[in-house]
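Heads up, the thing below is written out as structure tokens.
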Amino acid sequence: MDAKTIRNTFLNFFKEKQHEIVPSAPMVVKNDPTLMFTNAGMNQFKDYFLGNKIAENTRVTDTQKCLRVSGKHNDLEEVGIDTYHHTMFEMLGNWSFGDYFKKEAIAWAWELLTERYNLPKDRMYVTVFEGDKDDNLEVDAEAAEYWKEFIEEDRILLASKKDNFWEMGDQGPCGPCSEIHIDLRSDEDIAKIPGKELVNADHPLVVEIWNLVFIQFNRKADGSLVSLPAKHVDTGMGFERLAMAIQGKQSNYDTDVFQPLIQHLAKKAGVTYGNDEKLDIAIRVIADHIRAITFAIADGQLPSNNKAGYVIRRILRRAVRYGYTFLQFDAPFMYELVDILAGQFNEVFPEVEAQKDLIQKVVKQEEVAFLRTLEKGLKILNDLMDTHKSEKVIPGREAFALYDTYGFPFDLTSLIARENDFGVDEKGFNEAMQEQKNRSREDAASERGDWMVVHEDDAVEFVGYDATNCHARILRYREVTEKKKTIYQLVLDQTPFYAEGGGQVGDKGTLTSGEEKIAIFDTKKENDLIIHFANKLPSNLEQEVYCEVDTARRKLTENNHSATHLMHAALQEVLGEHVAQKGSLVNDQLLRFDFSHFQKVTDEEIAQIEKLVNEKIRENIQLNEQRSIPIEEAKAMGATALFGEKYGDFVRVIAFDKDYSIELCGGTHVDATGQIGLFKITSESSVAAGVRRIEAVTAEAAEAYINEQLALLNEVRELLKNPKDLTKSLTDLTEEKATLTKEVEALRNKELQAMKAAIVQEAVQKEQYNFIAKKVSLPNAQALKQLAYDIKAVVDNVFLVLAADINGKPQVAVMIDEEVVKTASLHAGQLVKELAKEIKGGGGGQPFFATAGGKDINGLDAVIEKANGLA
Ligand code: ATP
Ligand code: MG
């Protein structure tokens, strides 16, 4: 069975059991402060488990893109070293939301594995939760009972909380689980050690393939467990491990999921995979990491310097380093693998093929940038290991310097160190990091309390598309402390407040409770809850509140949001269909839009885009909003959907003239485009390889922007005495200036020559030298120096003192022929100091030439007098 068939067999099996096949959620998580990347199939269904939302389908199945590189689930260190943990992997799952429970979940899992995939029963083991004293939980006898129907009792093993109690994070839904493990060893090996002894013992050939989780609790912030109102099933099976078992391989990397990547890499490096463990690890790491990077970019997460973007950058650098050190890849190579992935996943995850060009560009540029510094960084690291070879530890501060200057993530430094039997002082590294940014300390100091329920009611309605005010009841609230500041978050049963999303900022406004007015300073989403941010709580939480959105701010924001849609369509028309949104910010001041495009947008294109958008504004096109239409229908209408965005079965479609702009969008918009008034692009720039950014303003802000520009122009016009043709006048002026500058220079030069000639004439022959002391007037210090050298060039054995007025500032220069310095033992540096006293200044220099500046321009005559006295 090839990989595609294995995946489809799973989905179709559960479809037969009345499950709906749903798409994977994006791998990059938005709207959840507790999670950066999807790390399990259940993430996207969290709200159903918590009871925040009612599932439309109580049985669903899917294959979920997961990434386990941060937070509670982090497998990064194992990846490539072992053969069955990946950074990015697919998790096949079936779900019951308050529908079936342990009995069916167990029976179906067994049926699928043994009857459809024909996996051998005598190679499988199952585990059930043994109970836990601290949590006051009994052994899961129920699950064990069901298993006994299918499998011999001695293949049912008890397992501890660590392995068989699944929790998504520190807080949230959780429950006991029952896992299925498979023994892939040879008969001889099995004869030596029975498989049951190797279950949950990190043996690469006795691995867990499927985890059936029975969600029945919610873990609260204080660590206690509460029973959930309804029981759910959440299962997760590693697709790549399943493929290994079915295809009779001993490593995930030997399946057709990875072989195309592996063979490409081996060929490129001129090696054979499977001959040398060190090289094999490098090849596996690269084959694994490129998947994580590709899918992250496809979901809209570009590599960057912070948060999720930095995690992706680190993974990429890790892979590049393995290639560089072990496979001698010193030019970009990762980007070539994107093509293979696009083909492999065309059917399930078409987002890769659709954005192939962009992904390749971004990956390649990252590679180029990192390879440039890698070489230097590695050399420094080698030197460090040389310096610290006795203690075998790289100091934390040095590791931090590598990170700071050469972009070496800490885990990369420790990885290389480990390969050389070195440690790295992590504490020191962290201290250095801490010092550099106190910011991270503040970020860490965030504490969120449990939700306090005021009214038991789960229906939360957003009325903000139609109204900007309404009455509401407070359903729940909690206290959150961030950066030492305590704020309150409130959930209402209905609200006109738009929660930040789709680039649009959250609404501000007020809640009125009796006589009290409470400011709402932001509104955000957490999963599907709309959360209102306030600095205090109403004193009576039971009382109904009156919600009012700051409508002036909302209106300006809507102008910018609708203008973003008009511009998006204009970009596609002017630049081409390849333009895809990569980021968006819409607030009451401006709109910012990032999109894929491979070169600078020219001035002409900008003008065309502005023209098109302003035309659409003047047409005063009515908003066509369809609130709840099936996603397939919306797509058929040609609505633009964003990559990496999570859409439900029913979507909202926003159109301004169906043939011009039609997008899936949850934001708020103008009733008709005329309200936008005016659209003006204020800047165009680059944010990353293949990604451009445009900022623009609308309505009053656009008017203000244009007026500012016009005022500037007027000022210039006035300065030029209101010429008829401003451009010509300015060109003439600059040309004239250039000519004049040249003339002035020529004249000055002439003057200098004449001055020089006159001064030379004044040389007085003394016994040991030809003496000159002269007061001069010069444009700058450079001219003084030049004059001194010029005179020296034509007067033999010169002893020259020049007292100069340089634009009103006094300076003295002394020049003495090198021969004279010796024979008359004179020292220009000492002389100039003495002379400078007359101009209240000081200076110095070499024996043959020295200068000094001063404060008293009236002292120049005295300088000459003194010089004459010295001669
Ligand atoms: P393990 O103990 O092997 O790390 P786990 O207990 O972390 O697995 P679960 O969180 O139960 O795994 O995830 C469900 C299934 O997903 C596992 O049974 C396994 O098949 C698969 N899986 C988990 N982590 C990975 C990974 N890093 N790479 C590939 N597959 C994985
Ligand atoms: Mg794990």
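If you go along the chain as it appears here, the first residue is 1 and each next one adds 1.
Just so it is clear, glycine is given a Cβ too, placed from its N, Cα and C backbone atoms.
Curation plays no part in TrEMBL annotations; they are all automatic predictions.
Residues annotated as domain 'Alanyl-transfer RNA synthetases family profile' in TrEMBL: 1-708.
TrEMBL lists His561, His565, Cys665, His669 with the feature Zn(2+) binding site. Listed in sequence order, Ile654, Phe656, Ser661, Glu663, Cys665, His669 are the same-chain residues six or more apart from His565 (Zn(2+) binding site) with CB atoms under 8 A from its CB.
Of the chain residues outside the Zn(2+) site list His561, His565, Cys665, His669, Gln504, Glu558, Ser562, Thr564, Ile654, Glu663, Gly667, Thr668 have their Cβ within 8 Å of the site's Cβ mean position. Applying an 8 A CB threshold to same-chain residues 6+ apart, the list for His561 (Zn(2+) binding site) reads Gly503, Gln504, Val586, Leu591, Gly667, Thr668, His669. Its Cβ placed at the centre, Cys665 (Zn(2+) binding site) has 26 other Cβ atoms within 10 Å. Taken together, the residues in the domain 'Alanyl-transfer RNA synthetases family profile' (1-708) have a mean pLDDT of 93 on the 0 to 100 scale.
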